[in-house]
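J.: TrEMBL lists these features:
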REGION    1-35  region 'Disordered'
COMPBIAS  7-17  compositional bias 'Basic residues'
BINDING   GLY104, ARG109, ASP126, VAL127, THR128, LEU154, GLN155, GLN170  S-adenosyl-L-methionine binding site
Amino acid sequence: MSNIKSTSRRGSKKPGRRIFSGREVGSASTNMTQDRMGDVVQNESVFYSKAENYWKEVAPTVDGMLGGYGKISNVDIDGSIKFLKNFLGQGQGKTSNGCALDCGAGIGRITKRLLLPLFNTVDLVDVTQEFLDKAKVYLGEESKRVENYFCCGLQDFTPQDGRYDVIWIQWVIGHLTDDHLVEFLRRCRGGLRPEGLIVIKDNVAYEGVIPDDVDSSVCRDLVLLKSLVARAGLEVVCEEQQMNFPDEIYQVHQLALR
């Protein structure tokens with residue numbers, strides 16, 4: 001799945017937002033500061049149920065997974081491959097290619113194009129069963145190297161201890177509250193093998209926290225995101241901005257965590 005944030009949502013159910021001079025421009029209720037994060041999720045059960053209901057209405061296609069931006073898939077995958085290959089290999093400090101976990105996997109776009117070509121086996125986790133069912137078809141013959149399809153929200157998911165070389169978390173952290181994101185990252189730490197790596201790839205706001213009431217998610221700025229990573233006991237070992245996306249998409253950053 002994806003909660004790509006753009007400044008224009010023509011053709012989708014999500015409201016458009018404008019960016020001017022490096023700042024989001026909108027109503028006072030749209031542009032929120034970090035200390036008002038709690039206002040977005042006063043009722044956690046509603047926050048999560050609204051997101052689940054939203055994704056149940058999304059078509060199980062690449063374009064659906066990318067919020068109508070299927071055209072960026074190749075650029076996205078190319079950037080992810082280049083980023084991830086910096087860490088893979090043999091020897092001290094390198095991450096092996098045994099098993100990867102695709103978080104918020106949707107129909108398996110990232111599994112198919114990024115993870116299966118680089119890892120021996122992959123597990124998928126997503127909150128929408130229809131997407132996971134579609135993934136078994138979408139992945140084709142390569143689905144035989146997928147060992148597990150977990151239907152679960154990340155706020156409730158616990159990776160198996162010491163199973164994964166890489167845990168890939170893309171365009172889904174906005175569906176977790178701050179505390180649940182910290183707790184999930186802590187559980188991911190336990191799911192890593194020696195020299196394992198967690199990668200977050202997501203939109204980041206220019207300042208503060210931007211809520212999206214339609215898909216029930218938030219977009220955080222880098223300062224807040226890095227503070228949550230630190231709370232989880234993880235360190236950002238590499239950070240890179242994804243380039244060559246359409247101008248109307250909020251900036252996307254990749255963070256490698258250990």
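Any Cβ shown, glycine's included, is placed from N, Cα and C.
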J.: With a 10 Å radius around each C-beta, find which of these binding-site residues (GLN155, GLN170) has the fewest other C-beta atoms nearby.
T.: GLN155
J.: Under 8 Å between C-beta atoms and at least six apart in sequence, can you list the same-chain neighbours of ARG109 (S-adenosyl-L-methionine binding site), or say none if there are none?
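T.: Result: VAL62, MET65, LEU66, SER73, TYR138.
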J.: Could you tally the C-beta atoms, other than its own, that fall within 10 angstroms of the C-beta of ASP126 (S-adenosyl-L-methionine binding site)?
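T.: Its Cβ has 27 other Cβ atoms within 10 Å.
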